[in-house]
Amino acid sequence: MSVPDFAESIARYLRTRDIPAPIEAAVILGSGLGGFAAHIEHPLVLPYADIPGMPQTSVAGHEGKIIVGTVRDRAVLAFSGRFHHYEGFSYAQAATPVYLAQKMEARKLIISNAAGAINTSFSVGDLMVIEDVIRGNQRVSPTGYPRHPYRHHRWVETVRSLAAGLNLSTRQGTYIYAKGPNYETKAEIRAFRRMGADAVGMSTAPELFEAARLELKSAGISLISNMASGVTANKLNHQEVKAAADSRKEDFARLVKALIEQF
């Protein structure tokens with residue numbers, strides 16, 4: 001059975017739990033950003049382990065659950081825990097939340113991640129709206145589908161304008177996908193910078209490209225959780241990622257709420 005077919009079976013299960021469709025927004029929560037779930041009203045929490053056919057997460061900061069409820073009276077489906085290729089998932093499996101968003105008739109998709117800054121003008125805690133993606137020579141889209149353009153750049157200014165209305169400063173930039181799970185070398189970061197990348201991470205590209213193919217209106221947001229290897233003398237670690245996410249969790253929540261309501 002293909003991953004989209006699995007997603008259809010999972011969607012059927014969700015409907016048996018009286019989860020409404022269509023929903024206003026689906027939200028994929030990146031490393032350390034699962035705290036947004038606290039802002040979802042009337043939540044129904046479904047651990048991935050309890051959902052037939054749902055993949056399981058294994059990375060710290062990814063709780064592994066679906067939260068369904070409302071935000072400002074709009075139906076929301078949130079994924080606290082994503083699936084990375086380095087965990088052994090195929091690129092199609094990594095895009096499972098995107099397929100589910102489509103099956104549940106989401107009107108919009110918000111994809112977040114924690115990323116390392118390559119652009120030396122960025123700072124830890126910045127929120128970067130993803131303008132474009134470099135795939136890093138990885139085939140991040142499942143094979144067998146027609147080619148499709150990356151199109152999410154068209155909504156960058158809308159997202160940044162909504163953030164500005166909340167007095168939240170944002171960056172915009174190009175995200176480069178790295179397979180992981182190891183952090184990148186200093187030489188790789190120098191090469192990525194020459195390629196035009198502003199931030200690097202180990203997720204998001206599979207989801208964004210599948211969202212484009214499925215014609216889902218989508219926004220990608222990177223929380224700059226650390227400076228990439230060689231940008232500073234500091235040693236990289238996953239605790240730094242979670243600490244940065246915690247420091248900006250309220251600002252992130254404000255932006256996501258605005259996107260759910262107005263994007």
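We number each residue from 1, going along the chain as drawn.
Glycine is no exception: its Cβ is also placed from the backbone N, Cα and C atoms.
Since we're looking at a predicted model, the values are computed, not measured.
The domain 'Nucleoside phosphorylase' feature in TrEMBL is assigned to 25-261. The annotation phosphate binding site is assigned in TrEMBL to S31, H62, R82, F83, H84, A114, S203. Here TrEMBL flags E184, N226 as purine D-ribonucleoside binding site.
With respect to Cβ neighbours within 10 Å, the binding-site residues R82, H84 differ, and H84 shows the lowest count.
The DSSP secondary structure for N226 (purine D-ribonucleoside binding site) is strand.
Secondary structure at E184 (purine D-ribonucleoside binding site), as computed by DSSP, is coil. The 10 Å shell around the Cβ of E184 (purine D-ribonucleoside binding site) contains 22 further Cβ atoms across the protein chains shown. Near N226 (purine D-ribonucleoside binding site), with the C-alpha within 10 Å of its C-alpha, lie none of the binding-site residues S31, R82, F83, H84, S203. Using a 10 Å Cβ-Cβ cutoff, F83 (phosphate binding site) registers 29 neighbours. Confidence for the domain 'Nucleoside phosphorylase' (25-261), expressed as mean pLDDT, is 90. The two recorded residues, R82 (phosphate binding site) and E184 (purine D-ribonucleoside binding site), have Cα atoms 20 Å apart.
Within 10 Å of the Cβ of S31 (phosphate binding site) there are 26 other Cβ atoms, across all protein chains. Using a 10 Å radius centred on the Cβ of S203 (phosphate binding site) and all shown protein chains, the other Cβ atoms total 28.
DSSP gives A114 (phosphate binding site) a strand state. Distance noted between the C-alpha atoms of H84 (phosphate binding site) and E184 (purine D-ribonucleoside binding site) is 16 Å. Using CA atoms as reference points, the binding-site residues S31, F83, S203 were checked against E184 (purine D-ribonucleoside binding site), and the closest is S203.
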